[in-house]
Amino acid sequence: MGSPSACPYRVCIPWQGLLLTASLLTFWNLPNSAQTNIDVVPFNVAEGKEVLLVVHNESQNLYGYNWYKGERVHANYRIIGYVKNISQENAPGPAHNGRETIYPNGTLLIQNVTHNDAGIYTLHVIKENLVNEEVTRQFYVFSEPPKPSITSNNFNPVENKDIVVLTCQPETQNTTYLWWVNNQSLLVSPRLLLSTDNRTLVLLSATKNDIGPYECEIQNPVGASRSDPVTLNVRYESVQASSPDLSAGTAVSIMIGVLAGMALI
């Protein structure tokens, strides 16, 4: 008895080839109303996590799907395909790297996402009448924010005399910086300055009320992290003291350095 895979009455064409051929017959892409929608979950992805491109399709007469990296339907950019009603449904392409999985409804799962995965993806829906449909979506990838820390030019300022500069470390892109004092958001004060990116906080004249604790928080589209609290040891120094922590010249130098790009809060 012959092999069940043999084709005695017609020429055999591998089903992977049929899928690719159908997807590349762009002249069959006649105008039609879109029936496919894609939800990206989540839209902003944390590096190392996973993302789902969830396909919603109202049409029942589908031959299969192809996913491409980028906006072009091109064989070199094909990630993976799926053919309905065939035992070997998944058809990885040149752009497949082992982390992508396609489901029977066309939904694409990408695991252990890297920054290189960010960008646009195109789904090519292949219908039985070869009137194809293309839908594009994109997502972004961010590293989860690290735990920040606070550095300072002076954790032991002299009351009503010393300038204190607090900086939230590290400096990262696509990050929002927030400050907390005594577990509350920073209050408006004429003695406080913030850099334009909120990363640096300046106390123009420290007082006993400025002891803290101080915390800084960094946020980005995929998370937030807060520093350990720090406190200031605000000291009182008599007028007769001969060795202030900061001379007038030093104070002026600090002010010139930190006020560049600063904004009053």
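Glycine is treated like the rest: Cβ placed from N, Cα and C.
Marked as disulfide bond by Swiss-Prot on the basis of sequence analysis: CYS168-CYS216. All protein chains considered, the CB of CYS216 (disulfide bond) has 26 other CB atoms within 10 Å.
The domain 'Ig-like V-type' annotation in Swiss-Prot covers 36-142 and rests on similarity to another entry. Across the domain 'Ig-like V-type' (36-142), mean pLDDT in this model comes to 91.
Summarising the annotation, Swiss-Prot assigns domain 'Ig-like C2-type' to 146-233.
What Swiss-Prot lists as N-linked glycosylation site is ASN57 (among others). Just so you know, the Cβ of ASN57 (N-linked glycosylation site) picks up 20 other Cβ atoms within 10 Å once every protein chain is counted.
The Cβ of ASN85 (N-linked glycosylation site) lies under 8 Å from the Cβ of no residue that sits 6+ residues away along the same chain. Per Swiss-Prot, the feature N-linked glycosylation site maps to ASN85 (among others); the stated evidence is sequence analysis.
The number of other CB atoms found within 10 A of the CB of ASN105 (N-linked glycosylation site), across every protein chain shown, is 12. In the three-state DSSP reading, ASN105 (N-linked glycosylation site) counts as coil. Residues or ranges marked as N-linked glycosylation site by Swiss-Prot: ASN105 (among others).
The number of other Cβ atoms within 10 Å of the Cβ belonging to ASN112 (N-linked glycosylation site), over all protein chains shown, comes to 12. The DSSP secondary structure for ASN112 (N-linked glycosylation site) is coil. Swiss-Prot lists ASN112 (among others) with the feature N-linked glycosylation site, giving sequence analysis as the kind of evidence.
Look at Swiss-Prot and you will find ASN174 (among others) tagged as N-linked glycosylation site. Under the three-state DSSP scheme, ASN174 (N-linked glycosylation site) falls in the coil class. Here the Cβ of ASN174 (N-linked glycosylation site) has 13 other Cβ atoms within 10 Å, regardless of which shown protein chain they belong to.
The N-linked glycosylation site annotation in Swiss-Prot covers ASN183 (among others). Around the Cβ of ASN183 (N-linked glycosylation site), the same chain contributes PRO213, GLU215, each under 8 angstroms and 6 or more positions distant in sequence.
Summarising the annotation, Swiss-Prot assigns N-linked glycosylation site to ASN198 (among others). Summarising the environment of ASN198 (N-linked glycosylation site), the number of other Cβ atoms within 10 Å of its Cβ, over all protein chains shown, is 19.
Taken from Swiss-Prot, the feature GPI-anchor amidated serine covers SER242.
Here Swiss-Prot flags 1-35 as signal peptide.
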Residue among glycosylation sites ASN57, ASN105, ASN112, ASN174 with Cα closest to the Cα of CYS168 (disulfide bond): ASN174
Among ASN57, ASN112, ASN174, ASN198, CYS216, which are recorded as recorded positions, the nearest neighbour of ASN105 (N-linked glycosylation site) by Cα: ASN57
